[in-house]
């Protein structure tokens, strides 16, 4: 548990909006705890002022505990997102193995992207209403089983089916991971944690082809899937053994202990047994009086209903258009750099590194900028914050401006560099500049989405993944047609101009977003 001083620091930067979300999720649990107190204890509690180490702080986790949770979450995200691109270097090998056409092999990528888009939207209710641990464990179990199956299968049909199952298990990593960050990090420190996780996301995308090419060239293509099976199985074991529950509707700010044994890591259950044994007590690990929570159809479809909100739709569409351009760059790199620059399969894998390295560094730096800008605006607030008064849109989108301009202009320059036959080094430098601009920009948008919908973090990211992955699938399917009909220069000029044309919609969120939030909150109060 955090010290009182540490908790007080965390509390000093918590807008009332997030505190109220905590109150909604945990009021009934706190009332139940109060009812169990003896009158004497209850009187003493009422006579004290609330301390910053109980329900008043955003999270009772210490900084080291937060870093530990985010580190293991980032590791899980890396292991789950590597398969997105790890198969790119082995596609020619798989094509020869199963004697299928290039079109049939492209179906492997398209099917993965389609499942990757729909699964988080459907799984969001499990995480938001039943907790992060159970959601992560289900996803990792499915993912591990699919990896083992892929390593053992011998038919093209099995390859497609198991690849879809692999996507279903791994695709929830982004919304689940960002939700964990939202659970433990207050808005004042949220930027750096989400920025770090965003760096893990695109680091996995960039290093995946390198790992896949190295494993396949040394041990054969099946070793790629065995590597994924070992990694995902190990992460599943970590979740079972040591990673605590963070969902705020289950544990509040971390001060409420989960009643059910499966909501706690094995190490915590062992500690509790030893504690009860030393006191001569015999308590069950499961609270049979805890009410069973049922997920309604509205909750199941929550990710889809979020898309009906004006601010969420604009931000998600803008982020998805950006991802369209990133996917076009990745797909064309994997398909054409070998012939354009005379690279081997392994060397093509290394061509993905500039984007991943610069994107990861940029994400960490942008996360720190988000926190600095948030605190700067907080210091200039002259009135007490209310649910809708803090300008989240201003605090986050101010940081987005340089990244948006850099990524858009770099897309245009990149296309013409390849079109005019410039050196590989220049093309890779521009890919790195795209990484510096695009990856942090996505992190800024996702951070703002969590600020706007803190109680539906997974559902919001699920909605974002739905649009992002489906536009990515379209991009992967049409980029070759664009390159052959328009050329590299005009294809990526189109992508860059598309981003520039979409920027005014984000400016609209910057200007009108606060008003939209007030309208939404007023309707929420009316129907509560």
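One is the number of the first residue shown, and numbering goes on along the chain from there.
The backbone N, Cα and C atoms fix where each Cβ goes, glycine too.
Caution: TrEMBL annotation is automatic and unverified by curators.
TrEMBL annotations:
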REGION    1-57  region 'Disordered'
COMPBIAS  15-24  compositional bias 'Basic and acidic residues'
TRANSMEM  67-91  transmembrane segment
DOMAIN    69-514  domain 'Major facilitator superfamily (MFS) profile'
TRANSMEM  103-122  transmembrane segment
TRANSMEM  134-152  transmembrane segment
TRANSMEM  158-181  transmembrane segment
TRANSMEM  193-217  transmembrane segment
TRANSMEM  223-242  transmembrane segment
TRANSMEM  312-332  transmembrane segment
TRANSMEM  352-370  transmembrane segment
TRANSMEM  399-418  transmembrane segment
TRANSMEM  424-450  transmembrane segment
TRANSMEM  462-483  transmembrane segment
TRANSMEM  489-511  transmembrane segment
For the transmembrane segment (193-217), what are the same-chain contacts with Cβ under 8 Å, counting residues 6+ beyond its ends? 66, 70, 73-75, 77-90, 93, 174, 177-178, 181, 184-185, 223-224, 227, 330, 334, 345-346, 348-350, 352-353, 355-357, 359-368, 370, 435, 439-440, 442-443, 446-447, 450
Looking at the transmembrane segment (223-242) and the transmembrane segment (134-152), are there 3+ C-beta pairs under 8 A, with each pair at least 6 apart in sequence? yes
So, does the transmembrane segment (67-91) come close enough to the transmembrane segment (158-181) to give 3+ Cβ pairs below 8 Å, pairs being at least 6 apart in sequence? yes
Short question: which residues 6 or more past the ends of the transmembrane segment (399-418) have a Cβ under 8 Å from it? 322, 325, 329, 340, 362, 366, 369-370, 373, 426-427, 430-431, 433-434, 436-438, 440-441, 444-445, 488-493, 495-497, 499-500, 503, 506
